[in-house]
Each structure stands twice: as structure tokens, then as C-alpha cells.
Amino acid sequence: METHIGSVDGAAAAADNGAVGCPASAVGCPMTSVRPAPVSAGEASLGRHLARRLVQVGVSDVFAVPGDFNLTLLDHLIAEPGLRLVGCCNELNAGYAADGYARARGVGACAVTFTVGGLSVLNAIAGAYSENLPVICIAGGPNSNDYGTNRILHHTIGLPDFSQELRCFQTVTCHQAVVTNLEDAHEQIDTAIATALRESKPVYLSISCNLPGLPHPTFSRDPVPFFLAPRLSNKMGLEAAVEATVEFLNKAVKPVLVGGPKLRVAKAGKAFVDLVDASGYAYAVMPSAKGLVPETHPHFIGTYWGAVSTAFCAEIVESADAYLFAGPIFNDYSSVGYSFLLKKDKAIIVQPERVIVGNGPAFGCVMMKEFLSELAKRVNKNTTAYENYKRIFVPEGQPLESEPNEPLRVNVLFKHVQKMLNSDSAVIAETGDSWFNCQKLKLPEGCGYEFQMQYGSIGWSVGALLGYAQGAKDKRVIACIGDGSFQVTAQDVSTMIRCAQNSIIFLINNGGYTIEVEIHDGPYNVIKNWNYTGLVDAIHNGEGKCWTSKVKCEEELTEAIGMALGEKKDCLCFIEVIAHKDDTSKELLEWGSRVSAANSRPPNPQ
């Protein structure tokens, strides 16, 4: 029975080893067959137990910012042979890096200090919560003797109540633990980590600064590896859900399948593809599910994103007389300002633990992975929708050829990015027009793809790139980042260089917040221009491997990409692309106008 935690299983074959925390691409997982060894009295400490637990569940890197309340804990994390401490420039980026690492490895961790660090990382943890990523946020807390006193401590808001940080994390984590004594520390740590893995959500773990180095009998042996019992469907509910769905789909003339982002949580990527194979249906993905299932399958018809869908995809999905959505998230962004042309009575909504069939019955305690697998055994083959798609499909045209030294167009940039992709690549798309341009990339088998659609925090991609590249060392990551977003979190390019990463960053310099211009323009969307290559050169400062280039035309872009893939393949490559401020994708123009209309709806009559 598969119980490992990791990326969606459609992208790579997962090791069916029962281990928790293994990434889907792992061949095996440490500690799964090793007897817990006795630990010497001096090593039987809280800090060592936490470090061993992190390694067990698949964390090899912890993204940290030191502060006086977490320094002793960081000593113990550094002392663990299987763990590397990655020092970040600020807590926000440390949190974003843990987010990116969780996408690559199935679980991530960051370590910060009390309140000033905790409240700085809070935004990144909220993003991980919205994206259903298991991130373990470890905060060094006050000395255990200070709890319950009337003392006022530094790094607080000047009140003797130390619970402010905890209360802030309660709404953006699925579990919180404040460790102030050794008696139940073992249970608190294990419960927090297990909950993050089980719920696929972040957890908050505060540890008093005087406890990490102290021994306790509960830490006298190496921790026993986790084995989290998999959630199983109610068999009667599963049978009833499958029966109702089969009846619904088999009556349809041209049914389709659409994959959503919660395929990752349910680890149902392979089950979804198996259903495609068994049914013969055409299938699409929602934008935030790009990369979770293969795009090389012959029945893949593109991204379903309402009015800004891949060409001919929306027409097939919205004209279907039945559509099964597996793990969808319907919000104002994914629905293009609530403008989907879908009808509830034609939809089957499959969530990780629930199935709703049209306007009719709903079935709880039905696990998506089991449901899709059982459905594949019983649904009739029907290729009508796919055949219709083939009849109307016309291949996309290529961008107009550039004149010699013509100013570089963004669509020409992405024509070249497409050519760079292979099974050893991954793409990180920043919030902004890169969302739309990267959606149009055709991903080769095994090519990774990540972006943060639900939370949409600008600047996310810099930290996430750091974390993803650190967690997926077998891939060369290509990040497409706008200038406005880069200005929010640029500092941790420094950490990428320290970690000897060889990612390729395309910095698209078009003078402002382009995505917001298309929603609602104003002078606040224009930003101060930076010398971005000069900034990265200054950060590089001759230490480590980093190469920069500024390109203004296709000839310069071609030369820069050639250098990045050739002579500079072992370097962090930073390519600043100068683009016109009004050079946007047609999808952003359409999407922006519809989201603007949704945002500006007048109040309902009272």
C-alpha cells in the first residue's frame, strides 16, 4: 500500500516502499529498513531528534535565517550528517524556498527566530497553505522559564503575552505546537511532522531556545520511521459513487476529463492518466495543474482556462455533455472572473475525499485515487470528444520573424524557451504575464512545472526557484520572472550562487507591474528601473559561478541562450530581457479585462 508523501505520481514513478516523505522520483527512502539504534546519553537531545526526523521524511535542506532564539537549534541541525542548513537573506524567501522544495521533494522545512522571524515568514507559509504543500515551519521560542511570567522580551510587541506569533500561525497552518518542556517534546514534534504529511499543509513548531541541547530518555533511540496509515474509502460509498458516475458518463455522447491542482494532494496523477487510457476521453488540465499529468499523451488537448484556454480546448470542454473535474479549484482567477461556460448539471466534481455527481448525489469518504482507479475499470470507451478536437484543431502559428536587430518581442523569447525544454528541465513561472506565456509551453515528458496560482504572491518565484533547484538537483530550472516581482525578493540570488545552483533566470524588464496594468492601470504600476545585470554582478562579487547578460534583440537572445546551455552550463545564468512595456500576451489582455469586471461589480442591493 502506497503511503509515501511526494509529488504527483504522474510525473515520475514513485517508489512503493511505504515510506513517508519520499519524493515521487525517489528510488528509495532512508531509514525505512534500519532498526532504531541506541543513542549515547550526550546525543539523546531534542535537537538531534528533530534533525533525524526531518531527514527521515525526506528533508535534506532546511532554509533558515539565524536569530538569537534559534541559534542552539541551528547548531543541532548543522550537526546532522544528512541535513544541510541553507542560510537565506530573509525569512520571506526562506519560506518561499521551503515551498519550492516541497514541490520538488514532497516536504520542505524552514527555521526562523521568534516573532520578528515568524511574522516575516508568515506570508510564505500562507501561500504554502493555499497550495496544499507540507512545509514544517520551525521557530526558535523564548526560554521556557519565561513563559507564565510577567516579563517583557525583545522581538515581541512589548507585551508579556508570547502568544502573538502562535495566534498568527493558527489560520495558515493545519497544526501548531509550542514546545516548552522535554516531557512531551517527542510527541509534539512527531505529531506536528506527521500532521503536515498527512494533511499536505504547513505546520508551526515553536521550540524554546534552552531545550534543543538537553537530553531526555524519550530521545535515547533513533526515531522509529513513520508509517502513516493511508486513508481508505468507505467501500459502500466508493461503490455507490462509481456506480452513479459510470451511469452518468456512459449516457453522455462526448464526455471529457479535466485535471485540477488537487491531483497533487491526492497523489492521483497516475490514476487520472489510467482513466484517460481506459476511457479514450479527451483531457485537459486547469492552469494550476499544468505539469501534474503528462502533456505528451495523444488525448491531451491543452489548458482549460475559460476564455484564455489553449486554442480549441475550451470549445471542446464547454460543449461536452459531461465533464469530470478531478481536484479542481474554482476561484476568480481560474474561472477568468467567474466567466466559465460550465453547467453544474453536466459536471462531476472529484475532490481528494469527495465526489459530487451533477445536481444529484454527493459521496463523502471516497478517496480520489481509489475512485479514479475503480472508474477506469468500468467506464465505456468513448473517443467522440477527442475526434471532434482533431477535426477542428489547427496548429498554432509561429511568431513573426524578427527583422535584424528589431527590439525583442516577448513571444519570440518564449519561442526560444520552448526549444530549451527537455526531460531534465523544470519551469518556474512568476505571477504576472509569465503565467500566460508559460502556460503555452508544451512540456516534454518529465519536465517539471510550478507556479503559485491560488495565492499569487509576487516575488514568490525567487525563493521558490532557490528551494526547487535545491530539491531537484537532477533538473536545470528555468525561471521566468518579471522585473516588478524580482524587486520584491531579489536578494536570494545570492543564496543560489552560494549553493552552486545552475538555474537560468529570464528577467523580463518591461518597466512595471504588467499584470496589474491590465486589471487596473495607474501610476503605482510603474517602477524604478534597475540595472538588473549590474545588481546580480554585484551580488556575485567574484565568488562562485554566475554569468549575466542583457539582451535587446533576438540575435543577442540566441547568443545568450547558447552560452547558458554551453560554456556557462555550470553557472547560475541571469539573462535580462528588455521588452516594451505594452508587450503582453493576448491572454493577459482578455483575462485582465474579465478579472477587472469581476473586481468592480457594484454592491448588491440591500
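Glycine is treated like the rest: Cβ placed from N, Cα and C.
According to TrEMBL, the domain 'Thiamine pyrophosphate enzyme N-terminal TPP-binding' annotation covers 46-150. The domain 'Thiamine pyrophosphate enzyme central' annotation in TrEMBL covers 242-353. Annotated domain 'Thiamine pyrophosphate enzyme TPP-binding' per TrEMBL: 453-577, in sequence order. Look at TrEMBL and you will find Asp483, Asn510, Gly512 tagged as Mg(2+) binding site.
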Other C-beta atoms that fall within 10 angstroms of the C-beta of Gly512 (Mg(2+) binding site): 20
Asp483, Asn510 as binding-site residues, winner by CB count within 10 A: Asp483
Residue distribution over DSSP helix, strand and coil in the domain 'Thiamine pyrophosphate enzyme central' (242-353): 41 helix, 21 strand, 50 coil
Neighbours of Asp483, Asn510, Gly512 excl. site residues, C-beta within 8 Å of centre, Mg(2+): Gly482, Gly484, Ile508, Asn509, Gly511, Tyr513, Thr514, Ile527, Ala579, Lys581
Helix, strand and coil residues within the domain 'Thiamine pyrophosphate enzyme N-terminal TPP-binding' (46-150) as assigned by DSSP: 51 helix, 20 strand, 34 coil
